[in-house]
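Database features, via TrEMBL:
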- Ser176: active site, nucleophile (ACT_SITE)
- Asp347: active site, charge relay system (ACT_SITE)
- His380: active site, charge relay system (ACT_SITE)
- 43-101: domain 'Partial AB-hydrolase lipase' (DOMAIN)
- 1-28: signal peptide (SIGNAL)
Amino acid sequence: MTYFRGFSTAVATVVLVVLGGCCGGGHGVVDVPTEELGICSSAVTIHGYKCQEIQVQTKDGYILSVQRILEGRYGSDNGVKKQPVIIQHGVLVDGMTWLLNSPEQNLPLILADKGYDVWIANTRGTRFSRHHTSLDPSSPAFWDWSWDELVTYDLPAVFDHVSQETGHKIHYIGHSLGTLILIASLAEGKLVEQLQSVAFLSPIAYLSHMTTVIGAVAARSLLPQVVTKALGVEEFNPKGKAVGNFLKSLCFRPRVNCYDLLSAFTGKNCCLNSSTVELFLKNEPQSTSTKNMVHLSQIVQYGVLAKFNYGRMDYNLRHYGRINPPLYDLSKIPRDIPIFISYGGRDALSDLRDVGHLLEILKSHDVDKLTVQYVENYAHADFIMGINANDNVYKYVTAFITKHGSV
């Protein structure tokens, strides 16, 4: 196992809700993608990269938006098949959140310039993944899913498509929820044969010790038996009235400080650029399902990684044939998969003790296949939007996947 240290920057997700709007300005070129002007046109090709908008259908009918960056700025691939990299965002954001800085600081574009075939995934429910073969987002049934379904359907659909298109094993990079769903997949033996290496930024597997007070209060409020009554909606839309009122109500709870929401939710990020923050607020947050937020809160409440708990024995029996939902057994993660983990000393969501719990489980991992980086002054969002993230994190990620690349 390899350990080392680094440094970097950040931004929050639900901050827009309480601020009630967005800010002007920004970088002047990257803008808010529309249905006609997707992520490729608004944030990738404007910098001189080749990018394709792709739709991938899951087995349960959701149509996911994926951006493929075929080539960097520095010439063709000369016919050489490139190694594919899937990049997966966290909760309440979409793939645009990776592309808010300059090309020199955006992980997907850095990888494209390094000669990788980059695929940016967008989970169901986000702005460009709101289509289904038979359901409409206005239907409650469209939102009847949690991160269990991202493990069962979304990730396999994207992996299968990338495998078929490239013929290569896949490098995977996830942040926050993007780490959780791959960790859970590996625990169930899924995707193993398609993986070349894995990089987890701000890993989320356990949340019992998260230091965000507002996050902890929210988690205790999101109980399956009361959440529908409290919110009245299946779509958890941070820009909507119902969720906005719920989040504002948290500010009146004891010890909850809403004066600085960025720090309150993610920890004190070290290295954000103001124009990146403004651009973030123009693009995010994105919708997810209320059920997904409840499921995430159950990791906080119960201290284990398990399938969705319906809060009633009869419901759990109906879904699982048992009164308690099955656990994801992380000890079953294959020991020979190359894993890179980077976590921050100021992260209020991916707390040091919870990351330590994950590392304890991975202690029997093959020594030469596990690399761990600790970034002392990073908080949760620094890993995707830090102005110096390339120097402090991404160069180590690219070195890792290069080391463990296919031969």
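Quick reminder: no glycine exception, Cβ is built from N, Cα and C everywhere.
In TrEMBL, annotation is done automatically, which means it is predicted and not curated.
Positions of TrEMBL features highlighted on the structure.
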| residue | record | Cβ neighbours (10 Å) |
| --- | --- | --- |
| Ser176 | active site, nucleophile | 27 |
| Asp347 | active site, charge relay system | 30 |
| His380 | active site, charge relay system | 30 |
- Message: If you average per-residue pLDDT over the domain 'Partial AB-hydrolase lipase' (43-101), what number do you get?
- Response: 91
- Task: Fill in the CA-CA distance, Asp347 (active site, charge relay system) to His380 (active site, charge relay system), as an integer in Å.
- Result: 5
- Note on the structure: Cα-Cα, His380 (active site, charge relay system) versus the residue listed as 'active site, nucleophile', nearest Å, comes out at 8
- Note on the structure: Summed over the domain 'Partial AB-hydrolase lipase' (43-101), the DSSP helix, strand and coil counts are 8 helix, 23 strand, 28 coil
